[in-house]
Structures are given as C-alpha cells and as structure tokens.
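Pulled from TrEMBL, these are the features on record:
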| type | residues | note |
| --- | --- | --- |
| BINDING | Lys7, Tyr8, Gly9, Gly10, Thr173, Asp174, Tyr179, Arg184, Lys209, Val210 | ATP binding site |
| BINDING | Thr47, Glu74 | substrate binding site |
| DOMAIN | 265-348 | domain 'ACT' |
Amino acid sequence: MALLVQKYGGTSVGTIERIEAVADRVSRHKQKGDDIVVVVSAMSGETNRLIELAKSVDSTPSAREMDVLLSTGEQVTIALLSMALMKRGVEARSYTGSQVRITTDSAHGKARIQEIDTAAMRTDLDAGRVIVVAGFQGADEHGNITTLGRGGSDTTGVALAAALKADECQIYTDVDGVYTTDPRVVDSARRLDKITFEEMLEMASLGSKVLQIRSVEFAGKYQVPLRVLSSFVEGEGTLITTEGNKNMEQPAVSGIAFNRDEAKLTLKGVPDIPGIASRILGPISDANIEVDMIVQNVSADGTTDFTFTVHRNDYEKAFSILEGIEGELGARATLTNAKIAKVSIVGVGMRSHAGVASTMFRALADESINIQLISTSEIKVSVIIDEKYMELAVRALHSAFKLSDSAAGISEA
Ligand code: ADP
Ligand code: ASP
Ligand code: MG
C-alpha cells in the first residue's frame, strides 16, 4: 500500500467529463489499496477568466482581493471532484488551501508555503477517505487567502507530498511526460523516461512550463519522488530523479527550453569607470526588478554599452528608471527591445562534453539566426535571439543535438 499525492492540472479537470475520468482513475487507485491525496487546479481557462473579470473592474486591483477571487477557481473543482468520487462510493472530502492549513507568507500572488498542518489529513486518511485539496492557495498567519503564482498547483502537490512523506507525487497533465522540448513546438520531441532534478530545475526556470519551478525546488529539497504523467493515456511518464544512472553515458544535452518572457535594455555610451554597473542596476533592484542576463562591452574610447534583460512585465518600469538616470550617468541613449526570445540547451552531460556551445552556435548560424546575448552555467547555455526565429532555433537545436534519436536518451535502456 502506498500513499500517493496526485495533482491534476486545468485541462485534466477542464470539463465534467474530464472530472468524471479523474474520479475513475482515483477510485481505481483507491480500490488497489493506496491512500490518495488529490490536488486539483481550476478548470482550464478559469483563472484567466477571473483575471479578466478583475481587470474589467480595476486595471490594478488590490492584491489581497485578487487572491480571494483567484482561489475560487480551485474551490469549484474540489467540490465537483469530491461529488464525483462519492457518486462512485468512494468516501471523499474536499478542502481549500486555508482549511487544510497550508500557511504561507503574505506575498499575495506569489506566496511561499511556510508550514502545512497534516493532523486533519492524517485523520481522514486513517478513516479511509480520499482527500481533495485546492491547489495554488493557502492562507497567511492572519487568515488572509493567498495564492502561489501561476502554475502553483504543482507546488501544492509537491508540498503536500513532502509534508505527508508520500511515496510519490504524481503530476497528471495533458502530455504524457517531460519531453526533450515542448512537443507542441517540435513534433519529433521525445519523452524522457527520467530527468535529473538539476536539469528539470533549469528547464522550468528557462521556460518549460510543464512544472512550476518552485515545485521542482521543493521536490529536490525534500527528496520527493516526482513523476509527470498523462491524465488522458496510461503510461509510466517521466520520473524526476537525483543524478541518474552513473553507469550510463549521458548525452551532452537533455532538453531545450525557450521563452518570450524577457525584454532587453541597453544604455549606450556610459563612462567606463568603476561603480557604473552598480549605479545602473542599483535603482533597478531597488524597484524590485529582477535582472537576468547582463553584458558590458569592452570599450576603446572610455565609454561602454551596458545591456541587461528583465521580465517583460517589468520592462516599462525598467525603461523609465533608465530614462531617469541616463542624464546623470552621462549615457548617450537608452535602447530597448521587447521582441526577443531566450532559447536554452540544458544537460548535466555538458560537464563532461566539450564543444557543446560551439555546436549550438554553429546550428544557429546555419539558419542565419543572429545571437544577441549569451549566458552559460555548468549545465546550460542560453542565447537571446529575435523572437521571430524562436521556433526555428528550437527545431534546429533539437536536430543538431540529435534529440529525436532515441539512442541519445538520458537514461533509456
Ligand atoms: P497543467 O494545466 O496540467 O498544469 P501546463 O499547461 O501547465 O499543464 O503544462 C503542460 C504543458 O507544458 C504541455 O501541454 C506542453 O505544451 C508544455 N511543455 C513545455 N515544455 C515541455 C516539455 N519539455 N515537456 C513536456 N511539456 C512541455
Ligand atoms: N489555476 C492556476 C493557474 O492557472 C494554478 C494552476 O493551474 O496550477 O495558474
Ligand atoms: Mg501547470
């Protein structure tokens, strides 16, 4: 007998028929003798619909009220799924995030889980009940409803699995596992049997939204066995593991991630003197804007061009800050570009393979794609390119690193 936490995403509970199918699956597992905690998202499209409703009232609505509103999406699905389970003779009980006592900090819209009280859940499990918990939400110490950020139900699932010491956290979604890249962009993308936490963390943070990044962090920290699988078809899915099979030859690159979430800003012709980077980025960080890539050119005439990228949501704020300091820094101009994309190759195998970056750059050059910025870490190389070439770049890299070829699989037998 195992204790399983099963999380079902928006598409998997998108209609009454899909909710009935989830109830069938949960009751099958229950009949096998497993203890089940289910975490559900709002029905697909519902969170977006609620955001639009709020915006139609006020373009900058109160963050507290926004969380009260958004948490209702998940409250609908927990009740419907519990009803569908009870109809099948399965004893089930639904809980919102605050009822289950998921305590978070007070950062509305991006709250972090601080504590989970498992006592009530233990009582239910001991009584043979299936517990159905609303994902993506909790409450702060004052009882205010909070939400965990888009895609946050993944994190609720993993956090509950960690708190309950579950045997596995299963993330059921609309694809049958983690692929070498988004299968909606590259037809020949291949499902991975296994991927390491480190790689999954990079993939998630570089744009693969199949798992919310915080859920991967959580699973790595608390050693929660994590699996991504399809709620539509049966299969083994993808297991996220601690550094895989040491006996296997690792391919250099395991996956390709991409996103359009960034924007680029450049201060032209600033004096190349000590302290300039901090005078530019100080006000940016004071405004709570996170900077991703940074490039400062070597100068010949005593001036330099200073370029950095930020999330697209922060782009206008960052631009107005630069306009404000441009004069006092003696810069020639501020240039910006929001039509960029970041494409990244990820793989723990890079540690032991030379020439990975040059293969990447050659593949992009062969497609005449110009690289605007580059950043690297031990297990990834990211480039910023023109947004309109993003899908072409992803396909070219997928083929350059032979990711469709099953022989290259990270740990395929
Ligand atoms: P859910 O609603 O179940 O949480 P999401 O839409 O958040 O589902 O995540 C699943 C989607 O992630 C897939 O439909 C797929 O388009 C996308 N995706 C992006 N990168 C990958 C990848 N490397 N492997 C699998 N899916 C990916
Ligand atoms: N419903 C929320 C969202 O759409 C949380 C989730 O689905 O994980 O972002
Ligand atoms: Mg998701």
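Any Cβ shown, glycine's included, is placed from N, Cα and C.
Bear in mind that the values here come from a model prediction, so they are computed numbers and not experimental data.
With all protein chains in the displayed structure included, the most crowded Cβ environment within 10 Å among the binding-site residues Lys7, Lys209 is that of Lys7. Around Gly9 (ATP binding site), a 10 Å sphere centred on its CB holds 23 further CB atoms from the protein chains shown.
Long-range Cβ neighbours of Tyr179 (ATP binding site) (same chain, at least 6 residues apart, Cβ-Cβ under 8 Å): Ala189, Arg190, Arg191, Leu192, Gly255.
Assigned with DSSP, the residues of the domain 'ACT' (265-348) fall into helix, strand and coil as follows: 30 helix, 34 strand, 20 coil.
In this structure, none of the binding-site residues from Lys7, Thr173, Tyr179, Lys209 has a C-beta falling under 6 Å of any atom of ligand 2. Residues Gly9, taken from the binding-site residues Lys7, Gly9, Thr47, Glu74, Tyr179, are distinguished by a CB atom under 6 angstroms from ligand 3.
Comparing Lys209 (ATP binding site) with Glu74 (substrate binding site), their Cα atoms are 19 Å apart once rounded. Among the binding-site residues Lys7, Thr47, Glu74, Thr173, the residues whose Cβ sits under 6 Å from any atom of ligand 1 are Thr173.
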